[in-house]
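Pulled from Swiss-Prot:
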ACT_SITE  S136  active site, phosphoserine intermediate
BINDING   S136, D275, D277, D279  Mg(2+) binding site
MOD_RES   S136  phosphoserine
Amino acid sequence: MVTTPSFKPTYEQNTFKLSPTATTTTLPWNNTSLPTTPLFGTDGIRGKAGELLTAPMALQIGFWAGQVLPQYCQNPGPIIMGQDTRNSGNMLAMALSAGLTAAGLEVWNLGLCPTPCVAYITSISEAIGGVMISASHNPPEDNGIKFFGSDGTKLSSELQQKIESGIRGTANFPTNHSNWGQHYHRPELVKEYQASLHSPLTPGSLQGMKIVLDLAWGAAVHTAPEVFRGMGAEIICLHDQPNGDRINVNCGSTHLSHLQQAVIEHNANLGFAFDGDADRVLAIDSQGRSIDGDYILYFWGQSLSKARLLPNNLIVTTVMANLGFEHAWNKQGGKILRTKVGDQYVHAEMQRTGSMLGGEQSGHVLCPHYGITGDGLMTALHLATLVKNSGISLAELVDQSFKTYPQLLRNVRVEDRDRRANWKNCEPLVKTIEEAETALADLGRVLVRASGTEPVIRVMVEAINLELAKSWTENIVLAVQQHLLPTKD
């Protein structure tokens with residue numbers, strides 16, 4: 001059990017106290033320009049630091065989260081805070097903490113740590129909730145604020161909407177202005193998270209393995225090396241210093257080329273690439289091939305099934321999962337359920353069905369046997385252990401598994417939030433998509449969606465051959481560019 005610290009706060013109490021009669025229109029920071037589209041996307045609030053995510057906005061977010069959480073959570077404890085390495089992180093952390101403490105909450109700031117660390121510490125500390133300041137795999141100029149409930153899972157859409165109603169001045173619930181909280185630095189709690197990753201595994205189980213880690217200049221730069229060395233692995237680290245200017249830039253889980261080269265050059269057994277907040281991971285085999293979340297789910301599913309730890313051989317994944325994975329799993333007597341893109345949808349379906357394994361092709365993997373949320377470090381440790389115990393290489397496991405259908409994914413940047421949100425009202429684009437679906441029929445799939453984390457429209461085409469996938473991807477991307485982007489004079 002994590003206990004309240006006995007030492008004094010690291011800085012003084014707030015020097016102001018809100019009037020008990022204050023309203024949203026009289027709050028001193030209530031002058032932030034808000035978009036017409038919802039603030040909360042599939043992974044919290046994200047945007048460019050200094051534009052959408054300013055200090056006044058973070059203050060409001062913190063204050064209204066501090067009003068909402070106590071009304072729906074019985075835990076009397078603190079809110080757990082963490083952040084990645086982005087340059088805007090400290091600014092947002094201080095403003096967010098000011099809002100939370102102004103609302104009467106106590107803040108425990110873990111400092112630099114992976115997102116799953118915040119979720120874990122929240123779940124074991126009787127916390128009222130958690131909050132992570134990160135934009136995950138997004139570029140350095142972006143940032144984000146993501147809340148967790150007291151159980152360490154992502155905050156429900158209902159509570160996110162209540163927080164947003166306060167920010168927008170439409171809240172219809174009572175507010176507390178009579179107390180203020182304290183702020184504590186608690187970086188030592190990160191060690192408890194690291195211990196939780198080791199506890200289900202045999203000490204030294206990775207001895208004899210050489211593993212390359214690409215840490216993306218992000219949240220796992222300190223945690224990941226300690227965790228893997230603690231299991232006996234020999235590790236080579238890439239992009240392993242905190243660097244807010246370079247987080248995710250040409251590295252990590254969205255840019256695998258450096259890791260692929262390093263695995264081959266060092267004759268390593270395998271490699272792992274994390275994103276900026278380390279809640280997802282992709283692997284590289286000894287031949288330099290990328291191993292995505294579909295393969296990770298397949299291998300882990302086989303292992304859990306053999307141990308009788310996978311009820312009904314059910315795996316929950318998203319609409320992005322490759323048909324080759326689904327067909328191979330079905331042939332083994334398994335079952336695949338698909339959800340919308342977003343690990344919160346995967347988690348909800350897992351809860352509904354009692355599934356013990358789920359995840360996304362992008363590398364978010366959830367296994368309730370070992371963790372409460374998607375965790376890149378947990379996934380990497382278990383995959384490495386699985387490979388070691390198999391007696392063969394990851395490359396051999398891949399060769400014995402399944403062939404993927406060619407799948408192309410293109411991201412088209414659309415800055416206009418309204419156009420992104422309402423793309424389905426664009427008749428020429430919808431017509432092009434329908435033509436593609438008719439042409440592909442049973443030979444492939446089309447998926448077009450607005451990203452919930454980046455200002456892009458994602459176009460995915462999967463087909464029985466690469467030429468077919470390329471042709472329809474190009475047609476749909478062209479339609480997006482012609483009809484959703486502003487015309488040039």
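Backbone N, Cα and C define each Cβ position, glycine as well.
For the pair D275 (Mg(2+) binding site) and the residue listed as 'active site, phosphoserine intermediate', the C-alpha distance works out to 6 angstrom. Same-chain neighbours of the Mg(2+) site beyond S136, D275, D277, D279, judged by a C-beta within 8 angstroms of the site's C-beta center, are, in sequence order, D84, P114, T115, S134, H137, G218, A219, F274, G276, A278, R280, G376. Across the fold, the C-alpha of D279 (Mg(2+) binding site) and the C-alpha of the residue listed as 'active site, phosphoserine intermediate' stand 8 Å from each other.
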